[in-house]
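As given in TrEMBL:
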DOMAIN    29-65  domain 'EGF-like'
DISULFID  55-64  disulfide bond
DOMAIN    67-105  domain 'EGF-like'
DISULFID  95-104  disulfide bond
DOMAIN    107-143  domain 'EGF-like'
DOMAIN    189-227  domain 'EGF-like'
DISULFID  198-215  disulfide bond
DISULFID  217-226  disulfide bond
């Protein structure tokens, strides 16, 4: 708020000792706001023989003639990694993927347009979502499991998300496009691992693409379901197999199961 004292008419106040008053007894404060010079929607507040301009938040100065750079004076005006762009009489926030709102403080609910099947629970994330499958279900949406480049865009916009798609102003002079990867777990397939197809101690993994299983075998086993025992002794001539046998060697007792030991242990 600035105080401004232009050359104001006296309003028949020549008889008053104190400037800014009039009336028979000089009891009336002259309203100095008519014809004021306040700018940009400022409010004029009358004072004694002068007035002041109460500026809106986006302007400053004696007459509110100066634009306020919100981006410089209020570093946190845009939130969650957004970019602040100053403009005359205001500012704008360019939100990163997953956020919206004037100050980018609102997390976009990606579950609003999500497709989770078979009673799966949609969990919203920042810029994405995932489906928490019920027991025995899996399945990924292969239509989104890809690396894609969006089609040509308007020269002043860039795509910042895949679902939902959005664009933001960048004041660019040429077309821009970004790469992105998205994969959606939709829970529409049966989990093949629920039937325990792998041999004991093997790790079962289900493909979210087609629901098939893969067994990661424990040491000493092989095969699709890890049920085939590997004959380590076929890999060398100086070894003998010892199964479920108590061996005494160098004064120590050891139980070795499914191992192949050097011939020296048996001498």
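Any Cβ shown, glycine's included, is placed from N, Cα and C.
Any TrEMBL annotation is an automated prediction that lacks curation.
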**Composition by DSSP (helix, strand, coil) of residues within the domain 'EGF-like' (189-227)** = 4 helix, 12 strand, 23 coil
**Fill in**
For the domain 'EGF-like' (29-65), the DSSP helix/strand/coil residue counts are 0 helix, 11 strand, 26 coil
**Prompt:** Along the domain 'EGF-like' (107-143), what average pLDDT does this model show?
**Reply:** 81
**Request:** Only counting partners 6 or more residues apart, tell me which same-chain residues put their Cβ under 8 Å from the Cβ of residue 226 (disulfide bond).
**Result:** 198, 199, 201, 202, 215, 216, 217, 218
**Fill in**
Excluding its own, the Cβ atoms lying within 10 Å of the Cβ of residue 215 (disulfide bond) add up to 20
**Prompt:** Of 104, 198, which of the disulfide-bonded residues has the most Cβ neighbours inside 10 Å?
**Reply:** 198
